2 protein chains.
Amino acid sequence: MKVAKFGGSSVASAEKFQQVAKIIGADPKRKIIVVSAPGKRFNEDTKMTDLLIQLTGAVVSGRTYEKEMKLVLNRYEEIASQLSLKHTLIEQIESSLNGLIQEYQHDSLRLADALKASGEDNNAKLMAAYLNALGKEAHYVSPKDAGILVTDQPGMARVLPESYALLEKLRERSGILVVPGFFGYSKQGNIVTFPRGGSDITGSIVAAGVQAELYENFTDVDSIYCVNPTIVPNPKEIKDLTYREMRELAYSGFSVFHDEALQPVVKAGIAVCVKNTNNPAARGTYIVSERNYNDMPVVGIASDKGFCNIHVSKYLMNREVGFGRKLLEILEDEHISYEHTPSGIDNISVIMRENQWTKEVEERVIARIQAELEVDDITVERDLALVMVVGEGMNSTVGVAAKATNAFARAGVNIEMINQGSSEVSMMFGVKSASHDKAVRALYEVYFNEIFSISYSNLH
Amino acid sequence: MKVAKFGGSSVASAEKFQQVAKIIGADPKRKIIVVSAPGKRFNEDTKMTDLLIQLTGAVVSGRTYEKEMKLVLNRYEEIASQLSLKHTLIEQIESSLNGLIQEYQHDSLRLADALKASGEDNNAKLMAAYLNALGKEAHYVSPKDAGILVTDQPGMARVLPESYALLEKLRERSGILVVPGFFGYSKQGNIVTFPRGGSDITGSIVAAGVQAELYENFTDVDSIYCVNPTIVPNPKEIKDLTYREMRELAYSGFSVFHDEALQPVVKAGIAVCVKNTNNPAARGTYIVSERNYNDMPVVGIASDKGFCNIHVSKYLMNREVGFGRKLLEILEDEHISYEHTPSGIDNISVIMRENQWTKEVEERVIARIQAELEVDDITVERDLALVMVVGEGMNSTVGVAAKATNAFARAGVNIEMINQGSSEVSMMFGVKSASHDKAVRALYEVYFNEIFSISYSNLH
């Protein structure tokens, strides 16, 4: 049994619905389908979720919301009519939206959650109706019926562990089950949406619950690329990726889906396949527990800008028990989260996202560090980028680090920091933000463009 | 004004006393002399300090200590007679030792401290007498008279801040002042010894107190070497070294003196010169606040074996506020000190000295980490060595990291860890202990033996 999740762009129009139905029909193992709300059909288009947020805004402001409601219904209407589905479906959607508005009109957070969730919910109903119209046995299954129980804070749902046993029973149902993504039901009976990566989370929870053999995540790219395509045009595709490698790559934000969403399948050890709705023949990228990394110790280059480095030095620091812990405690106290803490004998660097380090925070935290830890010196370096070489084979392959540092030396990129721990899947380099693109391209050349890469035998 | 400290081997015999007198005479700025107790004259010799520890043992055991006392007096006697000093000096030493034994016989810790300190104290008296005999104005100055006030725990003296103002007055005294190293006086009137690097600490405190232009540390090597000579024979000498570089090098234990001892001069910004008593014409190594590192970004290779790495991984670790702090808190609670904590997205390594990580500690700490932090996986890697490339210019020079990683790749050394923080003076590599010597030699070749080093232009 496979669970297939279709993202917003994959269910944005009638043509996409047809494409999805074809994909479902091509593999009888695709038993459970998780759908997003209709996404953008073209660059300037508005997503259904945003139309629903506009509708919520109109309702909450107390003004008439006829126009906003019409925009929402039009999107469904267009899909339904092009697929020759009954118009009564749209009437049902309208009446259910009005019902939600009546129910939650005095609680704007709940209203927002319920209306946003309706985007996925109604799209799932349309998809089930369309599959039925094609003569397939298909059933819309609401998250309540499926057993997706979540915590009760609006917009911040977390799945409750008892959901998995309930979801397991979906295995016994007949036909194709169409489940809306993005939300669950709390024990208090409320519709509650997931915080980020909404439909991805639903797909992952359902796949874990039914112990699927594969969780297919359909989106609009053929695969995950080994480097950000906006920096390196037409980069190589990644065939296989481990969960750990995926996490490291997702760090830089170029992942096609939200890494946190995968936790349930990672725990259950279920493989994930990222595939293209528009080109289902392409193999896609598989995300798995283990891969054979002999041929490909490095799988990708991740990177991100917007970091700063707080560098603290104190003579004899390494003889002072608890210094590091005390420093981290001050940061925690100030609600600052950090990324890495490379250290020397008498100094430690704390690398963090720069947006947390305002002038005000800087003054207060530096004063605290000076007063409480009596350090000799504190310096702050801004405008840093982190560039990571990611791969399971990194650590057991002689020369992987040499490749990277040579690439930087040849490109004239100065390395500000290096951080690599034993049995890690990544090696991190800190560079100035101005060198970011140059650094990423240099690493891409050396790891993925063999013509330019150096052979170590030449170094003798 | 210079403060010159002579270590045990530099004041071990009459010939060495003559050599010291010649050195003092060669530079009228050498106004304050700090001396150790007589050290070894040959490999199988026993140091004065050890003779005094044996004497303490005999006294504390309640048996007759005539033999032990004789061995102590004989060492001084031999020096005094060969230098034609008056025999009454030896009688004074004997009576002062008996006085200490009487005074402290019921407090073995105080007795041990007082007798150990007498090794330096009596040697300083002999040195002053010898300089007088040569017709120089020289005065023995006891630490009490000089103003070296310390805390009162036997064997654990720490200098009290008010000492510096007292020591400053030494500037006004005439003649050469000979101060015994290794101990001070507590406000309670006790003789208390310093924990480690004894005479080095005294020299450093005195140099800071009198605001010396230079603190000369005379020992038995021409200079500090850029790498451990037992691993690389006849290594290059270091001409200039910053305090920070010295600290990093001292980490590996091949430093000629104890780095902690230098804190007072480091704070006062006083330069230190390591020179050879047996070859005072050699320039020596200067340890300074700043050096011009354009010509020599890397100054030395430090290394040490006996480390282990506790590697902890947990999916979504980097979203968990306080994870690192909690981990360090457990270690602190278990009295484990650590060296470095390189981290990835979902994992963190803690590198520590292996002697702390017994089987018993391992079981308890791993159980705590699992229970309190709910981690996915903990692995322990033993038999690690840390190898460090040290130099102020490391961080601003493109290609320094490439040199090191290339050297490892060519030597077939796998890098287990890398740790380099911004504006640090060292880059740390973790390797298997079995590869330690090979790694150190490879780095020496590439940084200090230019014939074998690669030019980066060849990499294009």
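Count begins at 1; order follows the chain as displayed.
Backbone N, Cα and C define each Cβ position, glycine as well.
It should be emphasised that the depicted structure is a prediction, and the values quoted were computed from it without experimental measurement.
Lifted from TrEMBL, the feature list:
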BINDING   A:LYS5, A:PHE6, A:GLY7, A:GLY8, A:THR219, A:ASP220, A:TYR225  ATP binding site
BINDING   A:THR49, A:GLU120  substrate binding site
DOMAIN    A:389-460  domain 'ACT'
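Taking the binding-site residues A:PHE6, A:TYR225 in turn, the residue surrounded by the fewest other Cβ atoms inside 10 Å of its Cβ turns out to be A:TYR225. The separation of A:THR49 (substrate binding site) from A:GLY7 (ATP binding site), Cα to Cα, is 12 Å. Broken down with DSSP, the domain 'ACT' (A:389-460) shows 38 helix, 13 strand, 21 coil. Long-range C-beta contacts of A:ASP220 (ATP binding site), restricted to its own chain and to partners at least six residues apart, with a cutoff below 8 Å, comprise A:GLY7, A:SER9, A:SER10, A:ASN276, A:THR277, A:ASN278. Cβ neighbour count for A:GLU120 (substrate binding site): 28 (other Cβ atoms within 10 Å of its Cβ, all protein chains included). A:THR49 (substrate binding site) sits 17 Å from A:LYS5 (ATP binding site), taking the Cα positions as reference. Closest to A:GLU120 (substrate binding site) in space, going by CA atoms and restricting to the binding-site residues A:LYS5, A:GLY8, A:THR219, A:TYR225, is A:GLY8. For the ATP site, whose annotated binding residues are A:LYS5, A:PHE6, A:GLY7, A:GLY8, A:THR219, A:ASP220, A:TYR225, the maximal Cα to Cα separation is 20 Å.
Classification of A:LYS5 (ATP binding site) by DSSP places it within a strand.
Taken together, the residues in the domain 'ACT' (A:389-460) have a mean pLDDT of 80 on the 0 to 100 scale. Taking a C-beta cut-off of under 8 Å and a sequence gap of six or more, A:LYS5 (ATP binding site) has these contacts in its own chain: A:ILE33, A:VAL34, A:VAL35, A:SER36, A:GLY181, A:SER199, A:ASP200, A:THR202, A:GLY203, A:TYR215, A:GLU216, A:ASN217, A:PHE218. Under the DSSP three-state reduction, A:THR219 (ATP binding site) is assigned to strand.
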